[in-house]
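Working notes for the structure below.
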Amino acid sequence: MRWILFIGALIGSSICGQEKFFGDQVLRINVRNGDEISKLSQLVNSNNLKLNFWKSPSSFNRPVDVLVPSVSLQAFKSFLRSQGLEYAVTIEDLQALLDNEDDEMQHNEGQERSSNNFNYGAYHSLEAIYHEMDNIAADFPDLARRVKIGHSFENRPMYVLKFSTGKGVRRPAVWLNAGIHSREWISQATAIWTARKIVSDYQRDPAITSILEKMDIFLLPVANPDGYVYTQTQNRLWRKTRSRNPGSSCIGADPNRNWNASFAGKGASDNPCSEVYHGPHANSEVEVKSVVDFIQKHGNFKGFIDLHSYSQLLMYPYGYSVKKAPDAEELDKVARLAAKALASVSGTEYQVGPTCTTVYPASGSSIDWAYDNGIKFAFTFELRDTGTYGFLLPANQIIPTAEETWLGLKTIMEHVRDNLY
């Protein structure tokens, strides 16, 4: 711990409360052994350093990405060199990237106001996404319907689009989830593109047509509305919910550590200031509970797919344990077929495997809860990229990402269609 205190002394108290990103950099650190992983892991839990780990230390074959505030760059780089840790700068000036992103959004908003058309190749506000959900439902009233499933901590509505041919009540269904981690904007953007793709391709594409003839699709494009709004108004890199934690000034919980699946186990924290804080109890976050209640009341979901970013991964249970899921062989086969279909568009390569051994242990996750509650076909996509931009994927990659992801999603849903249980 001595070296942590040493860095803290060098940095001093000037970084306290820093929310700006001028001169902040993202470093990629290549770890080679368990000792190096251990040293970096201790830094993850050192609040005074104000480091933001985008990719946490977990294994030798997985680099560590960390956002370093400008005031701590010199000290942190000195520490890395002193420990013989190799690193490279992947983002030179984070604020410059954010400024470009903001300029693009404002430009797009102006164009959309004048044309009254939704640009699927741009990032949008929560209100714009909800408005487009209304448009989709209005354009295809016999196929799509917007359904309110609950509300957020700050009382924002949570909407899903239900796609159904209307033949039967509580038919077999697939749940598509996105935006549970608010800063992962490519997931929300991919989800709303996917919504339009479903209605546009019905009765044109035999695959999606046959899927909807046999089962329904429920799509939640923004699973963490408060966090998403906060990323656009206060802190672009906010990950958690915006709930209050009694006894702590730190806000929110990680909604993907809050599900009742080995809750409070490995890969989650009991520290409210941690980005992987699991919350006071399972389903404490109203956003999570709304989904849980809806799915349990419905009672006939066969698939659950959660869209995240970044790293280009396609994973399945378990995250909370290294033990193999009973259906691991089938899930792995389906995931590899989906990854192959995805790669056929532009060659984007995805790594496939169970969450725990592919990235890191993660208790309380959505897909583990789904799987443990009888939803056999449970998968997580970590979308583009592998670290060049990380969570700040440029808008010109939205449509290419969505197009390739669609083939992966469709492959999984076809398997669900053909293997209902």
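Every residue, even glycine, has its Cβ placed from backbone N, Cα and C.
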| field | Which of H308, H415 belongs with H181, E184 in the Zn(2+) site listed by Swiss-Prot | value | H308
| task | Among the binding-site residues listed here (H181, H308), identify the one with the smallest other-Cβ count within 10 Å. | result | H308
| query | In angstrom units, rounded to an integer, how far apart are the Cα atoms of E184 (Zn(2+) binding site) and E382 (active site, proton donor/acceptor)? | reply | 10
| task | Could you tally the C-beta atoms, other than its own, that fall within 10 angstroms of the C-beta of E382 (active site, proton donor/acceptor)? | result | 22
| query | Based on Cα coordinates, which of the following recorded positions are within 10 Å of H308 (Zn(2+) binding site): C250, N260, E382? | reply | E382
| said: On a C-alpha basis, identify the one among H181, C250, C273, E382 that is nearest to N260 (N-linked glycosylation site); the candidates are the recorded positions. | reply: H181
| note | Rounded mean pLDDT within the domain 'Peptidase M14' (122-416) lands at 98
